[in-house]
Number of protein chains: 2
Amino acid sequence: MKWLQSSDTDFETRLSSLLADRSAVETSVSTPVRDIIAAIRAQGDTALCDYTARFDRLAITPETIRISEAEIAQEADKVDAELMEALTLAATRIESFHRAQMPSDLSYTDDAGLTLGMRWTSLDAVGLYVPGGKAAYPSSVLMNALPARVAGVERIAMCVPCPDGVLNPLVLAAARVCGVSEIYRIGGAQAVAALAYGTATIPPVDRIVGPGNAYVAEAKRQVFGHVGIDSIAGPSEVVIVADNRNEPRFVALDLLAQAEHDELAQAVLITDDAAFAQTVVEALGNELQTLPRAAIAGKSWADHGAVVIVRDWAEAAQIANRFASEHLEVMLDDPEGFATQIRHAGAMFLGRNCPEAVGDYVGGPNHVLPTSRTARFASGLSVFDFLKRTTSIAADANGLRAVGPAGVALARAEGLGAHALSLSARLDALGWNQG
Amino acid sequence: MKWLQSSDTDFETRLSSLLADRSAVETSVSTPVRDIIAAIRAQGDTALCDYTARFDRLAITPETIRISEAEIAQEADKVDAELMEALTLAATRIESFHRAQMPSDLSYTDDAGLTLGMRWTSLDAVGLYVPGGKAAYPSSVLMNALPARVAGVERIAMCVPCPDGVLNPLVLAAARVCGVSEIYRIGGAQAVAALAYGTATIPPVDRIVGPGNAYVAEAKRQVFGHVGIDSIAGPSEVVIVADNRNEPRFVALDLLAQAEHDELAQAVLITDDAAFAQTVVEALGNELQTLPRAAIAGKSWADHGAVVIVRDWAEAAQIANRFASEHLEVMLDDPEGFATQIRHAGAMFLGRNCPEAVGDYVGGPNHVLPTSRTARFASGLSVFDFLKRTTSIAADANGLRAVGPAGVALARAEGLGAHALSLSARLDALGWNQG
């Protein structure tokens, strides 16, 4: 854990180095991924089954790539009632927030007599990648599938690797709760390739979302352009801005909740009281004694954790903006007031009783958020990821008379003769006097 | 030019092959681009000046990388008054449409007592790439810079290569009209790298937009993740849906306006009347006799042009959706009615007097649009490219009581102990009875 104080002379250097810690990770799997994608494009289902046998130790045929409705129902029924209730509450809240997000179309006729419009339509088909094994989080299924469903996507195709054939009841139950159309027991770069290019069994999709390992991320990067992708997520991170009126243990647990995700995760406390920060650090050490994922959380805190002592909350806001962190908790008397000074953050959690875990599950806003300081230019997953815009211009003779001549002048200046003619020939027919 | 008829038995095969024509182009310049980016990151301005001397035959120093205000004013003053007026009309209309596009923030308190929000903020700094030489279009400067300006971006840094030191008055005038903050006389992958990573002279930006050659496109692809980028544009394309009540020459000119961009451009006519299509094809041949860019337009039409004869307009709409084309002209009696059946298109041009060239210059909506069938999942450039969203959740004790227990259940099911504790410790302090 690093300890920085804004009044120190080397503060700027050390803060810059801390910020650089979150730069994007380079990948070294591009060649094997390229080979896998080429094989899926050339041999389709055959290659898909081969890779699944090899990487997941699972023998499948084109007939069994898809998990049947009966299997899904059988697995989902294993989930206990309390958990099903929690899943359903989460789904309801997430759906409701994303419904509020839906944008409006635009249409107006301007002074020149042109009618201008912008219409939102949903994608036809979306692929949802769900990691296998320990990283298979039902909450991620909800967070990725529900915005697509709310946006109006008709077909949501999910891929989840099932090493040794083991199905994950909670993931299948979550998929069922949010109306996923079809589920395939495949993973890795081969699943991404199958979703992007299609096989005899799996029709291609228009966009692929969802987290995955380095192979999945690189495969998404390589199919980008042919289909859309979501952003490539880096390790998770939180910045917590807290005053000394908070219970230190709560702050410590919130830092650990981030740190337990991944040894590369980053948890940062910004406060104006060094003594308070010290009590938080001690409380964090205590919790590590009993935390189930103490090894991961401890290493994350040791390697990437940081405490930043600031002079005042205005300075805290400035530094938080420079972190542009995925998650920002504001545990102050007036969290809303502080939030107005924040320009760059994936998601904010306001108040002493609003740990980031609220947003991971049951808050409503999406938990798929921009990492590695990309909140400077990127946003969390939303209905906007599953919608696109078509603009329109309608012009009649009068509209063309009003704007056409300027278009002719610009087209000629750019040396595009047919552009100019497509306008001037019509203007001539309407009796244009070029002067 | 290909001629397809929907009543033919091999129609589906031939249409699929026509659609496959627009698949994304592979790039083979990734190694040299990787080297250039590494050099700029390591040596900054020195490498930037070296590459500019080598590729653009232009000797610059860190002091002269930026084009001075005096130079810009001097060049811009060379543009004649009528053209300045056309540029200004275009800028006013583009700005006004993009202003109408600006989205609203969201904030509401729900039944559980949580206050949920979503706030739009602009990016801090944007890089705008403008190609040099013949492809330097002032209209592109307007279309890329104005949405950023309207979104509220404070700093717009433009790069334009100036081979042999030649400045383009119209491009500089356009940059001035739309308030570009700074202009650098550099291009290629080295300009993209400088914008993404910064040098001593050029502070880094958060997102890079604008068209460029294969090197520029590959450089944008490689810096993606560290900064945001716009989509990599392919060759331009238009689909024109026209009945036989149109003047054939106008339809022919609209097809040619697309074809003259690039030998790889694609112009497609969809109509229900083969005889009418024949007159359009003849008119197109006539225009090619005198068109300045006849060589390019003729090759584009020969290699990629197509006529599709349909049974009716419903079928035309279906086929237009499968093209998901960058531009869609609808020259029918009821273009608005037809438009309601369109799900996938970058931009629509409605009416017999609304050629696509209106939208290239003076319509208002953006002319930077998704190509190569990516309108299935992508949209034209807009204020949304220069904004990002921060969501927020505010919870007090009652809000936490309402949703916290479900969060605890899900966190435990996912094996994330600190997540569960960050919620349950607070709930315990509030007197939670876990039952």
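Even glycines carry a Cβ here, placed using N, Cα and C.
Nobody curates TrEMBL annotations by hand; they come from automatic prediction.
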If I go by TrEMBL, which of B:D206, B:D303, B:D360, B:D385 binds substrate at the same site as B:S236, B:Q258, B:H261, B:H327, B:E414, B:H419? B:D360
Taking the residues B:Y129, B:Q190, B:N213, which the record names as binding NAD(+), find the longest CA to CA distance and state it in Å to the nearest whole number. 13
Within 8 Å of the Cβ centroid of the NAD(+) site residues B:Y129, B:Q190, B:N213, which other residues of the same chain have their Cβ? B:P131, B:C159, B:P161, B:G187, B:G188, B:A189, B:A191, B:V192, B:G212, B:Y215, B:V216, B:A219
Lowest local Cβ density (other Cβ within 10 Å) among recorded positions: B:E326, B:D360: B:D360
Which number gives the other C-beta atoms within 10 angstroms of the C-beta of B:H419 (substrate binding site), all protein chains shown included? 30
Of the recorded positions B:Y129, B:Q190, B:E326, which one sits closest to B:S236 (substrate binding site) when you measure Cα to Cα? B:E326
Reported as an integer number of Å, what is the Cα distance between B:Q190 (NAD(+) binding site) and B:H419 (substrate binding site)? 45
Which of the binding-site residues B:Y129, B:Q190, B:N213, B:S236, B:H327 have a Cβ less than 8 Å from any Cβ in chain A? none
When each of the binding-site residues B:Q190, B:N213, B:S236 is scored by other CB atoms within 10 A, the minimum falls on B:N213
Binding-site residues considered: B:H261, B:H327; fewest surrounding Cβ atoms within 10 Å belongs to B:H261
Out of B:Q258, B:E414, give me whichever of these binding-site residues has the highest number of other Cβ atoms within 10 Å. B:Q258
